[in-house]
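One structure is given below, encoded as C-alpha cells.
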Amino acid sequence: MGICMSMYTQVLVPVDADGDHHILWSRFYERWGSCFNPCAGLVNCLPPHSSALYLCHRMEARSRAPRRQLCPPGITWLALAYLLSCLLASSKAKVFSRCELAKEMHDFGLDGYRGYNLADWVCLAYYTSGFNTNAVDHEADGSTNNGIFQISSRRWCRTLASNGPNLCRIYCTDLLNNDLKDSIVCAMKIVQEPLGLGYWEAWRHHCQGRDLSDWVDGCDF
C-alpha cells in the first residue's frame, strides 16, 4: 500500500471551440510505491480526447517506466573504489631525496638482491621517476607506468582500463604513495624475470655497466 502526498497543479488547456484557454485546477498525486492515478483529477474536468489529458497520461507512463541502469552495480563500486584510491594516493605522494630513498631500499633488503647493488636500484628510480612516488606515464596503447619504478599496467598492476594479468596482484594506484612496500615487492618480482633490471629501458641506457657509486655516496644507513 503506497503513501500519497496530494498537491494542486495549475493546468492551461483549450476548452472552447474558439480556441480560448482556461485555467483549471487539477488535483495530482505524487506517488511512492503503489498509489492513486495521478491524472484522476483531470478526468472529471476535461473531455476524453483532451490533449492535456493525453499529455498527462504520457507523463504518468514515463514516470512509471523502469529506468535503464547505465552501469552494473559492481562496475559502479569498482569505479568509486578506484577513484578513492587515486585521491588517497595523490594525497600521500612524495619525492624522495637520494639518500632517503637509498636508506628505504636498504631497509627493504634490495642491496644485493638478485645480484644488483643498492646503487643500481637508486639509479633506476632516478631515471624512471625522478624519485617521485606519484609519477604516472601514459602510453599510446592506454597502459600506464606507475610509481617510483614506473611499473607497467600491461602486466604487473591493475587499472579500470587494463585487462592484463596483474602479476603483482595490486592496483596501480597502490604504487603511487610514499609507502614503498608495494612498489618494492612488485619490483622484486619483476627482477626475477630473465632480463632482471634489464626489464627497464632506463636502467639499460643510464645505469648498466657504469660506475654508480655516486648514487649512494655519503648516505648513512
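Cβ from N, Cα, C; glycine included.
Summarising the annotation, Swiss-Prot assigns topological domain 'Cytoplasmic' to 1-69. Taken from Swiss-Prot, the feature transmembrane segment covers 70-90, and the record attributes it to sequence analysis. Annotated topological domain 'Extracellular' per Swiss-Prot: 91-221, in sequence order, evidence recorded as sequence analysis. Look at Swiss-Prot and you will find 94-221 tagged as domain 'C-type lysozyme'. Per Swiss-Prot, disulfide bond is recorded for C99-C219, C123-C207, C157-C172, C168-C186, and the stated evidence type is experimental evidence.
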Conformational class of C123 (disulfide bond) under the three-state DSSP mapping:
helix
Taking all residues of the topological domain 'Extracellular' (91-221) together, what is their mean pLDDT?
96
What is the total of other Cβ atoms whose distance to the Cβ of C123 (disulfide bond) is within 10 Å?
24
Determine, using Cα-Cα distances only, which of these disulfide-bonded residues is closest to C172 (disulfide bond): C99, C123, C207.
C123
If H, G and I count as helix, E and B as strand, and all else as coil, what does DSSP give for C168 (disulfide bond)?
coil
Which disulfide-bonded residues from the set C168, C186, C219 come within 10 angstroms of C157 (disulfide bond), judged by C-alpha positions?
C168, C186
Taking DSSP states H, G and I as helix and E and B as strand, how many residues of the domain 'C-type lysozyme' (94-221) are helix, strand and coil?
52 helix, 12 strand, 64 coil
Cβ-based isolation winner (fewest other Cβ atoms within 10 Å) among the disulfide-bonded residues C157, C168, C219:
C219
